[in-house]
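Below you'll find the structure, written out as C-alpha coordinates, and then a few comments.
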Amino acid sequence: MSDSKEPRVQQLGLLEEDPTTSGIRLFPRDFQFQQIHGHKSSTGCLGHGALVLQLLSFTLLAGVLVAILVQVSKVPSSLSQEQSEQDAIYQNLTQLKAAVGELSEKSKLQEIYQELTQLKAAVGELPEKSKLQEIYQELTQLKAAVGELPEKSKLQEIYQELTQLKAAVGELPEKSKLQEIYQELTRLKAAVGELPEKSKLQEIYQELTQLKAALGKLPDQSKQQQIYQELTDLKTAFERLCRHCPKDWTFFQGNCYFMSNSQRNWHNSVTACQEVRAQLVVIKSAEEQNFLQLQTSRSNRFSWMGLSDLNQEGTWQWVDGSPLSPSFQRYWNSGEPNNSGNEDCAEFSGSGWNDNRCDVDNYWICKKPTVCFRDE
(Lines of atoms letter the chains of each structure in order from A and count residues from 1; the text may use other names and numbers.)
(Lines give C-alpha, C1' and ligand atoms only; values in the text may rest on other atoms or scores of the structure.)
Protein backbone atom coordinates (compact mmCIF):
# COMPACT_ATOMS: atom_id res chain seq x y z
CA MET A 1 0.00 0.00 0.00
CA SER A 2 2.78 2.45 0.94
CA ASP A 3 4.63 1.75 -2.26
CA SER A 4 1.65 2.66 -4.37
CA LYS A 5 1.02 5.91 -2.56
CA GLU A 6 4.56 7.09 -2.74
CA PRO A 7 4.76 7.33 -6.49
CA ARG A 8 1.56 9.46 -6.44
CA VAL A 9 3.15 11.81 -3.93
CA GLN A 10 6.19 12.03 -6.07
CA GLN A 11 4.10 12.80 -9.11
CA LEU A 12 2.30 15.52 -7.22
CA GLY A 13 5.60 16.92 -6.05
CA LEU A 14 6.66 17.31 -9.58
CA LEU A 15 4.11 20.19 -10.02
CA GLU A 16 5.73 23.64 -10.04
CA GLU A 17 4.40 27.15 -10.59
CA ASP A 18 5.68 29.32 -13.44
CA PRO A 19 6.15 32.78 -11.96
CA THR A 20 5.79 34.49 -15.42
CA THR A 21 2.16 33.47 -16.01
CA SER A 22 -1.10 34.13 -14.27
CA GLY A 23 -2.33 30.55 -14.82
CA ILE A 24 -0.95 27.13 -14.01
CA ARG A 25 1.59 25.78 -16.43
CA LEU A 26 2.59 22.12 -16.54
CA PHE A 27 6.01 20.92 -17.46
CA PRO A 28 6.47 18.12 -19.97
CA ARG A 29 6.33 15.66 -17.32
CA ASP A 30 2.74 16.47 -16.69
CA PHE A 31 1.77 16.82 -20.33
CA GLN A 32 -1.35 14.78 -20.01
CA PHE A 33 -2.82 16.89 -17.24
CA GLN A 34 -1.96 20.16 -19.12
CA GLN A 35 -3.82 19.05 -22.20
CA ILE A 36 -7.04 18.36 -20.31
CA HIS A 37 -6.92 21.72 -18.55
CA GLY A 38 -6.41 23.66 -21.85
CA HIS A 39 -9.41 21.95 -23.47
CA LYS A 40 -11.75 23.14 -20.79
CA SER A 41 -10.48 26.74 -21.09
CA SER A 42 -11.07 26.97 -24.90
CA THR A 43 -14.53 25.50 -24.55
CA GLY A 44 -15.50 28.29 -22.17
CA CYS A 45 -14.26 31.00 -24.54
CA LEU A 46 -16.25 29.60 -27.44
CA GLY A 47 -19.40 29.60 -25.34
CA HIS A 48 -19.03 33.29 -24.51
CA GLY A 49 -18.52 34.26 -28.21
CA ALA A 50 -21.70 32.52 -29.32
CA LEU A 51 -23.66 34.34 -26.65
CA VAL A 52 -22.34 37.72 -27.86
CA LEU A 53 -23.31 36.92 -31.46
CA GLN A 54 -26.81 35.97 -30.41
CA LEU A 55 -27.21 39.22 -28.49
CA LEU A 56 -26.08 41.24 -31.53
CA SER A 57 -28.54 39.40 -33.77
CA PHE A 58 -31.42 40.06 -31.40
CA THR A 59 -30.45 43.75 -31.23
CA LEU A 60 -30.44 44.14 -35.03
CA LEU A 61 -33.75 42.31 -35.33
CA ALA A 62 -35.28 44.56 -32.69
CA GLY A 63 -34.06 47.68 -34.59
CA VAL A 64 -35.61 46.44 -37.83
CA LEU A 65 -38.91 45.74 -36.08
CA VAL A 66 -38.94 49.22 -34.51
CA ALA A 67 -38.31 50.86 -37.94
CA ILE A 68 -41.15 48.84 -39.50
CA LEU A 69 -43.50 49.80 -36.68
CA VAL A 70 -42.63 53.52 -37.16
CA GLN A 71 -43.38 53.35 -40.90
CA VAL A 72 -46.60 51.48 -40.35
CA SER A 73 -47.70 54.03 -37.75
CA LYS A 74 -47.35 56.79 -40.40
CA VAL A 75 -49.74 55.14 -42.88
CA PRO A 76 -52.93 55.77 -40.89
CA SER A 77 -51.90 59.42 -40.44
CA SER A 78 -51.43 59.86 -44.24
CA LEU A 79 -54.68 58.06 -44.95
CA SER A 80 -56.44 60.24 -42.40
CA GLN A 81 -55.09 63.40 -44.08
CA GLU A 82 -56.21 62.26 -47.54
CA GLN A 83 -59.62 61.39 -46.16
CA SER A 84 -59.99 64.89 -44.64
CA GLU A 85 -58.99 66.49 -47.97
CA GLN A 86 -61.53 64.36 -49.83
CA ASP A 87 -64.18 65.36 -47.31
CA ALA A 88 -63.36 69.04 -47.86
CA ILE A 89 -63.56 68.63 -51.66
CA TYR A 90 -66.85 66.81 -51.37
CA GLN A 91 -68.22 69.57 -49.15
CA ASN A 92 -67.13 72.26 -51.65
CA LEU A 93 -68.72 70.35 -54.54
CA THR A 94 -71.92 70.00 -52.56
CA GLN A 95 -72.05 73.75 -51.95
CA LEU A 96 -71.23 74.46 -55.61
CA LYS A 97 -73.96 72.10 -56.75
CA ALA A 98 -76.45 73.84 -54.47
CA ALA A 99 -75.39 77.26 -55.83
CA VAL A 100 -75.68 76.09 -59.45
CA GLY A 101 -79.05 74.61 -58.68
CA GLU A 102 -80.27 78.01 -57.58
CA LEU A 103 -79.28 79.59 -60.91
CA SER A 104 -81.96 77.74 -62.81
CA GLU A 105 -84.76 79.14 -60.70
CA LYS A 106 -87.53 80.75 -62.65
CA SER A 107 -87.19 84.11 -60.91
CA LYS A 108 -83.54 84.36 -61.94
CA LEU A 109 -84.31 83.43 -65.55
CA GLN A 110 -87.13 85.93 -65.67
CA GLU A 111 -84.83 88.66 -64.37
CA ILE A 112 -82.23 87.85 -67.02
CA TYR A 113 -84.94 87.73 -69.70
CA GLN A 114 -86.21 91.16 -68.66
CA GLU A 115 -82.69 92.60 -68.79
CA LEU A 116 -82.16 91.21 -72.29
CA THR A 117 -85.54 92.49 -73.43
CA GLN A 118 -84.73 95.99 -72.19
CA LEU A 119 -81.29 95.85 -73.82
CA LYS A 120 -82.81 94.71 -77.11
CA ALA A 121 -85.36 97.53 -76.99
CA ALA A 122 -82.63 100.08 -76.24
CA VAL A 123 -80.46 98.84 -79.12
CA GLY A 124 -83.47 98.91 -81.44
CA GLU A 125 -83.94 102.61 -80.75
CA LEU A 126 -80.39 103.55 -81.65
CA PRO A 127 -80.00 105.37 -84.99
CA GLU A 128 -77.82 103.76 -87.62
CA LYS A 129 -74.66 105.76 -87.13
CA SER A 130 -73.04 104.93 -90.46
CA LYS A 131 -76.16 106.07 -92.33
CA LEU A 132 -76.34 109.32 -90.39
CA GLN A 133 -72.69 110.04 -91.06
CA GLU A 134 -73.21 109.37 -94.74
CA ILE A 135 -76.26 111.67 -94.74
CA TYR A 136 -74.14 114.34 -93.07
CA GLN A 137 -71.48 114.04 -95.77
CA GLU A 138 -74.10 114.14 -98.51
CA LEU A 139 -75.64 117.28 -97.04
CA THR A 140 -72.21 118.90 -96.73
CA GLN A 141 -71.49 118.23 -100.40
CA LEU A 142 -74.99 119.37 -101.35
CA LYS A 143 -74.48 122.59 -99.40
CA ALA A 144 -71.24 123.31 -101.27
CA ALA A 145 -72.80 122.53 -104.66
CA VAL A 146 -75.90 124.68 -104.06
CA GLY A 147 -73.63 127.64 -103.37
CA GLU A 148 -72.43 127.55 -106.99
CA LEU A 149 -75.65 126.84 -108.96
CA PRO A 150 -77.06 129.87 -110.83
CA GLU A 151 -79.19 128.19 -113.53
CA LYS A 152 -82.94 128.30 -112.96
CA SER A 153 -83.71 125.11 -114.92
CA LYS A 154 -81.37 123.18 -112.71
CA LEU A 155 -82.87 124.80 -109.63
CA GLN A 156 -86.28 123.56 -110.66
CA GLU A 157 -84.86 120.04 -110.61
CA ILE A 158 -83.57 120.68 -107.08
CA TYR A 159 -87.00 122.01 -106.14
CA GLN A 160 -88.63 118.75 -107.26
CA GLU A 161 -86.14 116.66 -105.33
CA LEU A 162 -86.73 118.70 -102.18
CA THR A 163 -90.49 118.39 -102.63
CA GLN A 164 -90.13 114.60 -102.63
CA LEU A 165 -87.92 114.86 -99.57
CA LYS A 166 -90.57 116.97 -97.82
CA ALA A 167 -93.23 114.36 -98.63
CA ALA A 168 -91.06 111.58 -97.21
CA VAL A 169 -90.33 113.52 -94.04
CA GLY A 170 -94.02 114.37 -93.71
CA GLU A 171 -94.79 110.69 -93.12
CA LEU A 172 -92.45 110.36 -90.18
CA PRO A 173 -94.16 109.55 -86.83
CA GLU A 174 -92.60 111.94 -84.33
CA LYS A 175 -94.83 115.00 -84.70
CA SER A 176 -92.80 117.62 -82.86
CA LYS A 177 -89.66 116.83 -84.85
CA LEU A 178 -91.61 116.54 -88.10
CA GLN A 179 -93.18 119.97 -87.65
CA GLU A 180 -89.73 121.47 -87.28
CA ILE A 181 -88.47 119.70 -90.39
CA TYR A 182 -91.62 120.63 -92.32
CA GLN A 183 -91.13 124.31 -91.52
CA GLU A 184 -87.51 124.14 -92.59
CA LEU A 185 -88.46 122.50 -95.88
CA THR A 186 -91.22 125.02 -96.50
CA ARG A 187 -88.78 127.90 -96.14
CA LEU A 188 -86.27 125.99 -98.25
CA LYS A 189 -88.83 125.48 -101.02
CA ALA A 190 -89.68 129.18 -101.02
CA ALA A 191 -86.01 130.09 -101.19
CA VAL A 192 -85.35 127.66 -104.06
CA GLY A 193 -88.23 129.16 -106.04
CA GLU A 194 -86.45 132.54 -106.11
CA LEU A 195 -82.94 131.23 -106.59
CA PRO A 196 -80.96 133.56 -108.89
CA GLU A 197 -79.80 136.01 -106.19
CA LYS A 198 -76.70 135.26 -104.13
CA SER A 199 -78.48 136.18 -100.90
CA LYS A 200 -81.05 133.47 -101.60
CA LEU A 201 -78.30 130.90 -102.05
CA GLN A 202 -76.92 131.84 -98.67
CA GLU A 203 -80.39 131.40 -97.21
CA ILE A 204 -80.57 127.90 -98.72
CA TYR A 205 -77.21 127.17 -97.14
CA GLN A 206 -78.60 128.10 -93.73
CA GLU A 207 -81.78 126.08 -94.30
CA LEU A 208 -79.80 122.99 -95.27
CA THR A 209 -77.64 123.36 -92.16
CA GLN A 210 -80.75 123.43 -89.98
CA LEU A 211 -82.25 120.51 -91.88
CA LYS A 212 -79.06 118.51 -91.32
CA ALA A 213 -79.28 119.13 -87.57
CA ALA A 214 -82.94 118.06 -87.49
CA LEU A 215 -82.27 114.89 -89.47
CA GLY A 216 -79.57 113.93 -87.00
CA LYS A 217 -82.22 113.54 -84.28
CA LEU A 218 -84.56 111.18 -86.14
CA PRO A 219 -84.87 107.71 -84.53
CA ASP A 220 -86.95 105.81 -87.11
CA GLN A 221 -84.56 103.71 -89.21
CA SER A 222 -86.96 102.98 -92.07
CA LYS A 223 -87.71 106.68 -92.49
CA GLN A 224 -84.01 107.47 -92.37
CA GLN A 225 -83.45 105.06 -95.22
CA GLN A 226 -86.20 106.76 -97.21
CA ILE A 227 -84.64 110.17 -96.59
CA TYR A 228 -81.25 108.71 -97.49
CA GLN A 229 -82.65 107.50 -100.81
CA GLU A 230 -84.10 110.94 -101.53
CA LEU A 231 -80.76 112.56 -100.79
CA THR A 232 -79.02 110.02 -103.03
CA ASP A 233 -81.35 110.97 -105.87
CA LEU A 234 -80.66 114.63 -105.16
CA LYS A 235 -76.93 113.99 -105.22
CA THR A 236 -77.26 112.22 -108.57
CA ALA A 237 -79.07 115.23 -109.98
CA PHE A 238 -76.26 117.52 -108.87
CA GLU A 239 -73.60 115.21 -110.25
CA ARG A 240 -75.25 115.51 -113.65
CA LEU A 241 -74.70 119.25 -113.40
CA CYS A 242 -71.04 119.32 -112.38
CA ARG A 243 -68.14 117.72 -110.53
CA HIS A 244 -67.00 119.15 -107.22
CA CYS A 245 -63.26 118.86 -107.94
CA PRO A 246 -61.09 118.57 -111.06
CA LYS A 247 -59.68 115.21 -112.05
CA ASP A 248 -56.91 113.88 -109.79
CA TRP A 249 -58.08 116.14 -106.94
CA THR A 250 -59.66 114.85 -103.70
CA PHE A 251 -62.79 116.35 -102.16
CA PHE A 252 -63.06 116.91 -98.39
CA GLN A 253 -65.43 119.21 -96.48
CA GLY A 254 -66.05 121.68 -99.29
CA ASN A 255 -62.44 121.84 -100.53
CA CYS A 256 -60.39 120.16 -103.24
CA TYR A 257 -56.88 118.82 -102.54
CA PHE A 258 -54.11 117.90 -104.96
CA MET A 259 -51.36 115.53 -103.78
CA SER A 260 -48.41 115.84 -106.17
CA ASN A 261 -46.58 112.90 -107.70
CA SER A 262 -43.36 114.84 -108.26
CA GLN A 263 -41.06 116.75 -105.90
CA ARG A 264 -40.06 120.41 -105.61
CA ASN A 265 -38.55 122.68 -102.98
CA TRP A 266 -40.91 124.70 -100.77
CA HIS A 267 -40.82 127.92 -102.83
CA ASN A 268 -41.46 126.11 -106.12
CA SER A 269 -44.29 124.17 -104.47
CA VAL A 270 -45.96 127.49 -103.55
CA THR A 271 -45.64 128.56 -107.20
CA ALA A 272 -46.99 125.23 -108.50
CA CYS A 273 -50.18 125.64 -106.46
CA GLN A 274 -50.63 129.24 -107.58
CA GLU A 275 -50.40 128.13 -111.22
CA VAL A 276 -53.55 126.01 -110.78
CA ARG A 277 -55.38 128.79 -108.87
CA ALA A 278 -54.82 127.05 -105.56
CA GLN A 279 -52.69 127.51 -102.45
CA LEU A 280 -50.04 125.42 -100.74
CA VAL A 281 -52.30 123.85 -98.15
CA VAL A 282 -53.37 125.97 -95.17
CA ILE A 283 -54.92 123.86 -92.39
CA LYS A 284 -57.97 125.33 -90.68
CA SER A 285 -59.34 122.53 -88.47
CA ALA A 286 -58.40 119.38 -86.58
CA GLU A 287 -60.56 117.33 -88.98
CA GLU A 288 -58.65 118.70 -91.97
CA GLN A 289 -55.31 117.98 -90.26
CA ASN A 290 -56.33 114.39 -89.55
CA PHE A 291 -57.50 113.93 -93.15
CA LEU A 292 -54.23 115.24 -94.62
CA GLN A 293 -52.02 113.39 -92.14
CA LEU A 294 -53.79 110.16 -93.07
CA GLN A 295 -53.20 110.79 -96.79
CA THR A 296 -49.47 111.44 -96.37
CA SER A 297 -48.84 108.61 -93.90
CA ARG A 298 -50.59 106.10 -96.19
CA SER A 299 -48.35 107.06 -99.11
CA ASN A 300 -45.31 107.39 -96.80
CA ARG A 301 -44.41 110.73 -98.39
CA PHE A 302 -42.83 113.82 -96.90
CA SER A 303 -45.06 116.63 -98.22
CA TRP A 304 -44.84 120.41 -97.98
CA MET A 305 -47.61 122.45 -96.35
CA GLY A 306 -48.05 126.25 -96.58
CA LEU A 307 -46.36 126.97 -93.22
CA SER A 308 -42.97 128.62 -92.54
CA ASP A 309 -41.09 130.99 -90.22
CA LEU A 310 -39.18 132.68 -93.06
CA ASN A 311 -40.37 136.18 -92.10
CA GLN A 312 -39.31 135.89 -88.45
CA GLU A 313 -37.44 133.01 -86.86
CA GLY A 314 -39.65 131.08 -84.45
CA THR A 315 -42.88 132.78 -85.60
CA TRP A 316 -44.72 130.30 -87.81
CA GLN A 317 -47.11 131.72 -90.38
CA TRP A 318 -49.31 130.29 -93.15
CA VAL A 319 -48.95 131.42 -96.77
CA ASP A 320 -52.27 133.31 -96.49
CA GLY A 321 -50.72 135.49 -93.77
CA SER A 322 -52.54 133.92 -90.81
CA PRO A 323 -50.47 132.88 -87.74
CA LEU A 324 -50.21 129.29 -86.54
CA SER A 325 -52.87 128.66 -83.91
CA PRO A 326 -51.50 127.65 -80.47
CA SER A 327 -53.88 124.67 -80.52
CA PHE A 328 -52.01 123.33 -83.57
CA GLN A 329 -48.66 123.17 -81.72
CA ARG A 330 -49.51 119.60 -80.68
CA TYR A 331 -49.13 118.40 -84.27
CA TRP A 332 -45.35 118.88 -84.25
CA ASN A 333 -43.37 115.66 -83.85
CA SER A 334 -41.50 115.24 -80.57
CA GLY A 335 -38.64 117.76 -80.32
CA GLU A 336 -39.85 119.78 -83.32
CA PRO A 337 -39.50 122.41 -84.60
CA ASN A 338 -35.80 122.48 -83.74
CA ASN A 339 -34.41 124.73 -86.53
CA SER A 340 -31.52 122.33 -87.07
CA GLY A 341 -29.57 123.82 -89.99
CA ASN A 342 -31.89 126.71 -90.93
CA GLU A 343 -35.05 124.60 -91.10
CA ASP A 344 -37.72 127.22 -91.82
CA CYS A 345 -40.43 125.29 -93.72
CA ALA A 346 -42.97 122.77 -92.41
CA GLU A 347 -43.66 119.32 -93.86
CA PHE A 348 -45.90 116.35 -93.12
CA SER A 349 -43.57 113.71 -91.67
CA GLY A 350 -44.76 110.36 -90.32
CA SER A 351 -47.54 110.96 -87.82
CA GLY A 352 -46.97 114.71 -87.39
CA TRP A 353 -45.12 117.83 -88.57
CA ASN A 354 -41.41 118.51 -88.97
CA ASP A 355 -39.40 121.60 -89.86
CA ASN A 356 -36.97 121.17 -92.77
CA ARG A 357 -34.74 123.26 -95.01
CA CYS A 358 -36.84 125.06 -97.60
CA ASP A 359 -34.48 124.05 -100.45
CA VAL A 360 -35.15 120.32 -99.93
CA ASP A 361 -37.28 118.65 -102.63
CA ASN A 362 -40.53 117.19 -101.29
CA TYR A 363 -43.99 116.30 -102.52
CA TRP A 364 -46.56 119.05 -101.99
CA ILE A 365 -50.31 119.50 -101.37
CA CYS A 366 -52.47 122.20 -102.99
CA LYS A 367 -55.89 123.29 -101.73
CA LYS A 368 -58.77 125.30 -103.20
CA PRO A 369 -62.51 125.58 -102.54
CA THR A 370 -64.96 123.53 -104.58
CA VAL A 371 -66.56 125.01 -107.69
CA CYS A 372 -68.61 123.55 -110.50
CA PHE A 373 -66.28 121.83 -112.99
CA ARG A 374 -68.06 120.84 -116.22
CA ASP A 375 -66.72 118.02 -118.38
CA GLU A 376 -65.60 119.40 -121.72
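Using the three backbone atoms N, Cα and C, a Cβ is placed for every residue, glycine included.
The structure displayed is predicted, hence computed values, not measured ones.
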Cysteine paired with Cys256, where Swiss-Prot records a disulfide bond, from Cys242, Cys245: Cys245
Among Cys345, Cys366, which cysteine does Swiss-Prot link to Cys358 through a disulfide? Cys345
Please work out, from what Swiss-Prot records, which of Cys273, Cys372 forms the disulfide with Cys366. Cys273
By CA distance, which of the disulfide-bonded residues (Cys273, Cys345, Cys358, Cys366) lies nearest to Cys256 (disulfide bond)? Cys366
When DSSP is mapped onto helix/strand/coil, what comes out for Cys245 (disulfide bond)? coil
DSSP three-state assignment (helix, strand or coil) for Cys366 (disulfide bond): strand
Any same-chain residues 6+ apart from Cys358 (disulfide bond) with CB under 8 Å of its CB? Would you list them in sequence order, or say none? Asn265, Trp266, His267, Ser308, Leu310, Asp344, Cys345
